[in-house]
Each structure stands twice: as structure tokens, then as C-alpha cells.
Amino acid sequence: MHDLNWAQTDFTEQSQAFAEKIFADVRLLSQSPAPLTGVTRTSYSPEEGRVLKYLSDVCCGLGLQVETDPAGNVWGTLRGSDPELPAVVSGSHCDSVPDGGNYDGLAGIVAALCTARWMQYLGFSPKRDFRVVIMRGEEEGLLGSLGMLGQLTEDDLSRRMRSGSAGPTLRELLTGIGVDPAAVSSGKHCVDFAKIAAFIEVHIEQSARLDNAVTDRVGVVTGIRGLIRHRTIQAIGETAHAGAVDFPYRKDAALACARFSSRLYDFWQHELSLGRDLVATTGVIRTSPSASMNKIAGECIVSLDARSLSAAELNLFEKKVEAILQETAEETGVIFKTDPLMRIAPVEADEGVMKKLETSADILKIGTQRMPSGAGHDAMNFAAAGVPFAMLFVANRFGSHNPNEYMAMDDFLNAAGILARTVMDFDR
């Protein structure tokens, strides 16, 4: 068995124990305090730092050339036969949400490490450098990869990073690990993205589509959905006695928010019936602290988060939101006030890199399906720097951002095998 003459069973046999040890070690390094059962390695915390050091040591143990970029992310490089060519890069983030799951982010790093180790086991020298990247701070807004772009803002740097108003700022945490805040907010790239041919990120799926599939349990991501978001849409009505005011005379803010939400969901279902890509969520609905059972709500707040791979669909949805707000206000007598709309454009994965992944999967006899990513990922910032990107999703049970996050090793190793085959076969 030499070079590309290998099967997925060979990769699994050589990689499973290696991957399982890393997952177990990192879990121990970042176990949440009892009685919590998940992992806690929040952005730029000591726990994240310990995990970063451990993963750096794994890179060193594999003989990779290890360095830290000006934003605090770690890179491990396996040299290719022609280091002048732009490198293929793979990896993900090493932080987690508080009391989260162990595989979010970490799976992508371990898949990249398995790829480097497999090439060394085979004695295979890639034509291009293969670089493993271990990024920080993804869960707090893609901070590590934004830092590579020099795109952290003053608001980012001034943000308190721990619960409570007395927590350290991001600026203080970055300074504490040797990162110059001026460098990561200069507007200039801290990393030479022109030397990257492609970025491929393996990540657990954060939904249930793949886990419900019988065979095609690896996702080839077609793009990352853009979003429009209102954190607060405020309905202002009139507080009054619940028993005394008849329906025609009410200005019920809670009813107005409920109608708004219901009509948005009706429109969402209509768009889905036309085959359009859209998800919409009104995740927060709350009345004022003084609300009670026997009062008509004079104020209510609802949030809105809508996502799509299509910029045109997001534009259409934005207009529909405005129309529904106006219609609902006229019906209920309330006034709606909205905060400024937040907008993030959708990002398309590179078709050429996606096809390389699918070709590798076909060779290894691993079933895949194309699908969008609804969540944001560091890959977006590589795309913003002009780097072609693709992602592989691994089937995940019990959701994400919670301690019950679960990934079958066979599913993970299938995705890692596709990554390894693609890296080795990148220029063929």
C-alpha cells in the first residue's frame, strides 16, 4: 500500500485510536466543574489555552513545523515537495461555549491532524504544504479568524469576555497571551492568504439531517447562509385591565408580537413550498418586567433571525417583515419600533473544491450529500480573504452547544478520510 492505493478501512484502522485519545485528553483538560457534564473552554480562557498547548504539542509530536500567528492562532505545517505553491489548509477552532459539547470545532482539528499523520504513515510527500490551523475565539464571534484579517473592531476589543461587568476585556486577554491588539485591528491581514490554495474545514453538523440519513452521513457544504437580524422589535401598545377592556378597544402588544411571529412563519412555509432556501426564528418574545396575568401588555419585544444562501431571498424577506409589521400595527393599534437591521451576506463554497471532496468520497465509497450551513464558521473569513473554501459536515446526534453532543467515530473517520484523500490528491 503506497501513496493513493489505500481504502477507508486502512485509514480507520490507523487513525481511530489516535483520534479517540485526542478527544478524550481534551475532554479531561476542559471538563466543566461538577455537577455540569460538558466541556468549558471559552474564548481566550485558561482552559482554551491549555487545550491549545496540548494540540500544539500533538503537532510537534507529528513533526510538523509549529508557529503562532499574530492573532494567537497556531499553525502546524507538513512540508510539501514544492513549498513555493500555495498550501492546502485545514482545521477549526479549539474553544467551546460554556458547558458545551466536545466535538464542536475540535473535530475539524483532529481530522486535520489525522490527515497529516496518515500521510506520514504512508511515507507520502504532498506536492503542496499541508497546514493544520488551530483557531481561538470562534464562539465569541469568529474572533481568531477575524484577527487574522486585522478586522477586530474597537467594540470587539472593549467587550467584556466573562460574565459580569467586571470581567476582562478582549484587549486585556489578547495582551495577556502576547497578541498586539493594534495588529489585529489594523485592517491589514496578519496572515498571507495568497499562500493558501484552499481551506477545508471539517465540522459537526449542528442539526439532525445527517444523523437521520441511513447511508449519506457526510455533508458537503454548499455555502454558509447569510442572515438578517433584529435583536429587538418593540411593540408599544396600552397597558390596561385584562377583564375590563373589550377586544375592539385593546392595543395589546403581546398579541401584536404573536401575530407578527405567526405571519412570518406562514411566509417561511410559503417560500419553502417554492423550493427556496430560508430559515426564520423569533427566538425571544418577552413582555415588560411589570407584566402580569390580569394586565393587557403595553409593551412586548420580539427578536428576528432569518438566514438563507440567497441574498435575493434575504432581501425579499426583509421587505416582507416591513409589510407584516405595518399590517399588524394597523390591525392591533400598536406602534412597532425596530433596532438597526444586522446583515451578513451569504458565502458560497468553491465548486472546484467541493467536487474534489466528492470525488474522494466516491473513491473511498463513502456516501455524501450536499447541504447548506446555517451557522457561521471561520471558513467565512477565509472566503472574505479570497481563499477558496469548502466544508465537510459530520453527522451529530442530540444537537450542538450542549453536553450531549455526540458523534459516531465511524462518521467522523469517514469525513477525515475524505479530507486526507482530497489533500493527497489535490493536484491530480
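Just so it is clear, glycine is given a Cβ too, placed from its N, Cα and C backbone atoms.
Listed in TrEMBL:
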| type | residues | note |
| --- | --- | --- |
| BINDING | His93, Asp104, His203 | Zn(2+) 1 binding site |
| BINDING | Asp104, Glu139, His401 | Zn(2+) 2 binding site |
| BINDING | Arg229, Asn294, Arg307 | allantoate binding site |
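Everything TrEMBL records as a feature, shown here on the structure.
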{"residue": "His93", "record": "Zn(2+) 1 binding site", "DSSP (3 states)": "strand"}
{"residue": "Asp104", "record": "Zn(2+) 1 binding site", "DSSP (3 states)": "coil"}
{"residue": "Glu139", "record": "Zn(2+) 2 binding site", "DSSP (3 states)": "helix"}
{"residue": "His203", "record": "Zn(2+) 1 binding site", "DSSP (3 states)": "strand"}
{"residue": "Arg229", "record": "allantoate binding site", "DSSP (3 states)": "strand"}
{"residue": "Asn294", "record": "allantoate binding site", "DSSP (3 states)": "coil"}
{"residue": "Arg307", "record": "allantoate binding site", "DSSP (3 states)": "strand"}
{"residue": "His401", "record": "Zn(2+) 2 binding site", "DSSP (3 states)": "coil"}
CA-CA within 10 A of Asp104 (Zn(2+) 1 binding site), subset of binding-site residues Arg229, Asn294, Arg307, His401 in residue order, equals His401
Close in space, distant in sequence - Arg229 (allantoate binding site), Cβ under 8 Å, 6 or more apart | Ser303, Leu304, Asp305, Ala306, Leu341, Met342, Arg343
For Zn(2+) 2, residues beyond Asp104, Glu139, His401 with C-beta within 8 angstroms of the site's Cβ centre include exactly Ser96, Val97, Gly100, Gly101, Gly105, Glu138, Ser400
Could you give the Cα-Cα distance between His203 (Zn(2+) 1 binding site) and Arg307 (allantoate binding site), in whole Å?
-> 19
Relative to the Cα of Glu139 (Zn(2+) 2 binding site), which of the binding-site residues His93, Asn294, Arg307 have a Cα no more than 10 Å away?
-> His93
Name the one residue among Asn294, Arg307, His401 whose Cα is closest in three-dimensional space to that of His93 (Zn(2+) 1 binding site); these are the binding-site residues.
-> His401
Between Asn294 (allantoate binding site) and His401 (Zn(2+) 2 binding site), what C-alpha distance do you get in Å?
-> 37
Look at each of the binding-site residues, His93, Asp104, Glu139, Arg307, His401, and point out the one with the fewest other Cβ atoms around it within 10 Å.
-> His401
